[in-house]
Structures are given as structure tokens and as C-alpha cells.
Amino acid sequence: MSFRRGVVRQSKFRHVFAQAWKAEHCIDDVRVSRVTWDSPLCAVNPKFIAVIIEAGGGGAFLVVPISKSGRIDQFCPTVCGHAAPVLDIQWCPHDDNVIASASEDCTVKVWQIPDGGLTSPVTDATVTLEGHSKRVGLLAWHPTAFNILLTAGCDNVICVWNVGTGELVYQLDDAHPDLIYSVSWNKDGSAICTVCKDKALRVIDPRRGAVLKVREKVHDGTRPMRAVFLSDGKILTTGFSRMSERQLALWDTKDLSEPMVIQEMDTSNGVLLPFYDPDTNMVYLCGKGDCTIRYFEVTDESPYVHFLSLYSSKEPQRGAGFLSKRGVDVNKCEIARFYKLHERKVEPISMTVPRKSDLFQGDLYPDTAGLEPALLADEWIAGQDAPPLLVSLSGGYTAPPSKHRDTLRSKPKLVSQDSGTGAVPPSAGNVAAPTSTPTSATKETEEETPQPRAATREMDGNGERPKREDDVLSELLAEMKALRAVVLAQNQRIELLERQLARIEDGDETSKRAERSAKLPVIPVNAVEFNKGRLPVTSPVNGQQNYGGGPCCHPINPPSCALCTVQEAEQGGRRGIYSPTHRLQRRRSQGPGEKCSVSCGGTSWGPAVAWK
């Protein structure tokens, strides 16, 4: 008998729970695309949310700030420059304002989104990449090299582009015999893994065009598969068994003969989309058409892939967007965030680790990949590799000003690429490579390109530095001025409160008298008959007038009634007595020195005066 069966595996992510945001924080009236292509249909970064939507007469996608909530107006501006439906969108990992889109019109377009979102419809792309002969369905930005974009289309061709110049630098047209389902870069961008309709998993070096590893029949089912590179070099795949059961498998790239582990989950028909978090080594599986999101932790201990929990809801998901770690809320111990696509709504879902402390949890947030690229495009093309540059999330992440904001060329003149050698006019300055290795013209361009790029980096270091320092100085001065105004206002408020406190402590009689009057109970007393009902009695409490005989309300023993005063009134030859303290008036004559008829502590009447 094994005693280890009752031992619970230790993990800080064992209690991760998912919680959907409230309805007022969701985005409503979003016409999510009904395209049958198995893509997430959504892309998210710390600034924007992009969703592929239905559009008549072409393809479009919606871009709104990540803080946007509520209803989307039907006239909200969109990015609508494609002539056919959009199949995939991806944000650039090194610039939160740059997004690429792939479409059925056989083109890939790169767009520059202004800060704050769109103010008018965008139809002209910054860069248009034309190299596929059939629709383009997959996009993948290089994780560490700046402006390197990989695309895959239904023509079974993989293209690698330098977006900064608009040129096609590598093309793999004979590596896949059938439709490509998925493409993923490894951690340093030196290799990619792909899964194809022929059920094979391939590890490819895109610069050499060489297939490094091949594994036939990763999953026996005929439905689409997905593959993603993990940070330690392993590959996680999702697919279907021969009995149409959905499967999850983990592969070691050193030996692809057998999977490290394979798990069967259910018999649903939706394709499982894996989202991998390299910081926590967790994998989230979202099935299109499912109502659940499963999450696993990948470790070096058998069985290697550990099921943590699942999030379940009532409505199925059309797609999902995965927010990068730079955008999560570290103050709430949020380790991941999804944006679930409903039929007409976008719903945020937070993955949170419960912690009691309000301090920064360093074990949950190791250093993550930042915006700054580790390599330039020409350096990666020349054969260099580098891991991503990491940043700390302590205190929340703030994006620094990018040094490479203006490296996208506006509308490069590109020609369609054929299966043979391509030719580009010298005026365009672009070179197309039809095979996986650069042509001689490409090499000449590579030798010439680094010179102006080096000059650009030099100018960024010297020419723009004083301007950047002036901007920082002006921001600091403005902040100091605002803080000084706040401090001055608070000092004035403190002085006012101190004066009020001094008056209270010195025993201000007026304040004490008003306070005691407010606390004394008010009870009804019977008023005596006066003036035979001809002159009214006004109650000091409720303001009502009484013509005698009825109840009159006044406070017993008011604090200001030490001695009552009386006025002798004369009206129509009749004399009366009026007490200003009790608002009472008698018809009978009563001279000075006599006592007040109402028992209030008074001892005598004051001098008589004429009635006016």
C-alpha cells in the first residue's frame, strides 16, 4: 500500500480560481465574426482589444481601448482595409500600437493604431505584404527580433517578412504537403514548430529552411490540431483521437518517438486553442463552442502536465483573447486574463491566486518579457539569437518610450511573389526571396541596410535624448505644481478645522445653546385661553398658529428663559399681555411685576410697551 496516494502535490497555483467580471465592465453589441476558420478571433495587449467582426463587402476588425466597457455604437470606427474576411490578427510584442491582420484576400496588412483608439475608419495600411497565392490564416510575430513576422496560408507556404522594409526574407514552400494548422516560435526565435493536416509535427529552422525533427501521427484524429513551444523546449499539442476524443500531449524535442504524456479529456467537437504563459508555466485550453476553460501546470515531475481546475459558464465561447503578463493587475494577484467572445459580447475573465497579503508577490510574478526587442531584424537575419529582455512587474508595469516607433515604412511597393525567383524594381528597394535561403540581392540589401539602421539607433541615443529629457523635466514640474496646489488647499482646510475646534473648546455659548436645544424633547402643553380667540398663538416648534383652546407645542424650560419679558398690547381698546418667549398672549390685564402664567422658571414680567 502506497502512502503517497493521499499526498497533495505542492503548488502555488493549485488554488487558482477564475472569475468573470460584472456586466457593467463587459463590452456589448460586438458583432463577432462568423467565419469558420479556427482562430481565436481576438487579440489583446495592455492598451487595446481587437476583435474580428462581421462586415459587409470585405473584412474588418474592431479596435477599442482596453478600459472600454458598455455598448459599442454601430457607427464605431473599425479597421476595414481588407477586400475579404479577416481570419487572424496579432499584436506586435514590441509595439503596443502595431497590429497585423491576415485575410482571405491573400494579403497581410500591418496597421498603426493611434493612442486612445480609432477616431475614424482606417482603410490604408501602413504596410501591405503580398506573397501568398491563397488565403492567409496564421500570423506569428518573432518573440525577440524586431519587425519579424511569420505568415502561413492555405497554399501550404510559410513566409517570413521584415515588416520594417516590407521585404520577404525567407519562404518555405516545400516543407508541408497539406494545410498548416498551427505555427509557434520557440523562446529565442531560433526555430518554429508546426502541425499540418497530414497529422505530423515538425520542428523547422526558418532561416536555413531545414526540417530538424518530424513526428508522424501526433494525434490519430482527422480534426485540426494545435502546437505550442514551451519555454524549456518541449512542445504541447492538442488534437483528437481516432474515436474523436479530445487529447492533450507533451513532447520532448530531443526524442519525438513517444509522447512524455498524453491525456484524453472529452468528446466535444470544438478545437482546443492552447494559451501558454511562460512565466508561470501554465497552459490554458479554450475550446471553440465550449463553456469551459481548463488550465494545467507543466512541471518536470511525472505526469508532467497537472490539471488544476476549470472555469465553467452557461454560454459557449466563439473565441478568446489572452492578455500578456504586462497588462495584469498585480495588486489583485491576477496571473492571467481572458477576453471571452460571446455572440455579441466580450467578457473579461480573471485568473487569480488568493493571497492575504497586500504586498507584491514576487513568486507569482517573475520577470517577464518587455517591449524592448533583444535583436533588430537584420541581426536575426544574419544568424543571431537572443532570449527576450525581461522587466520586473513590481509596482505595476509602465511601458518606456520605444526607440523604434518610426521603423515601419509607409506603404512599401511590393509585387506578388511567384513560385520561381521574384524580381522587384530597384526603386522599391525591396527584395523577395522565393526559397528558404536569401538570394544574392537579399544579401546585398542586408549588407546595405544596417548602415542607416545603425545611424537611426545612434540618433535615438544622441539626437532625441535632450528632447526626451526636456519632456520628462516638464512633466516633473507640472506634477510638482499640482502637488503644491493640493498641499496649499489642505493647509487652508486644516486652519479652518483648527478654528472650529478652538471655538468648541473655549465654550462658545451660542454653539452650546443650539446643541442643547436640538437635543431637548418637544412635548405638547395646554395653552390658556387668550384674547377670546381673536389673536393667534404661533408655535415656535412647528410654526402653526392657534386661536386658543387647542394644544400648543413649545420646549419646557428652554435654556434662554431665565426671566420672562412681557409686552402690554393695546388693540381696539382692548389690552393684552404678550410673552415673546412663549409666543403667548392673554386678554386679561396683568401689570408689571406679576408672575408669568406659564411655568417656565420666570419670576417677573418686564416693562410694558405699546402694541404696534
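Easy rule for this one: first residue shown is 1, then count along the chain.
Here the Cβ of each residue, glycine as well, is placed from N, Cα and C on the backbone.
TrEMBL: automatically predicted annotations, no manual curation.
Look at TrEMBL and you will find 480-507 tagged as coiled coil.
Residues or ranges marked as compositional bias 'Low complexity' by TrEMBL: 432-442.
Residues or ranges marked as compositional bias 'Basic and acidic residues' by TrEMBL: 455-469.
Under the heading domain 'DUF1899', TrEMBL lists 5-70.
Residues or ranges marked as region 'Disordered' in TrEMBL: 393-469.
Residues or ranges marked as repeat 'WD' in TrEMBL: 79-121 (among others). Beyond the repeat 'WD' (79-121), the same-chain residues lying 6 or more positions past its ends with a Cβ under 8 Å from any Cβ of the stretch are 33, 35, 37, 39, 42-48, 50, 52, 55, 58-65, 68, 127-130, 132-141, 143, 146-147, 149, 151, 153, 161, 163, 324, 369, 371-373, 399, 402, 404-405, 408.
Taken residue by residue, the repeat 'WD' (129-171) breaks down under DSSP into 0 helix, 25 strand, 18 coil. Summarising the annotation, TrEMBL assigns repeat 'WD' to 129-171 (among others).
Restricting the average to the coiled coil (480-507) gives a pLDDT of 84. Counted with DSSP, the repeat 'WD' (79-121) comes out as 0 helix, 22 strand, 21 coil. Helix, strand and coil counts from DSSP across the domain 'DUF1899' (5-70) read 5 helix, 24 strand, 37 coil.
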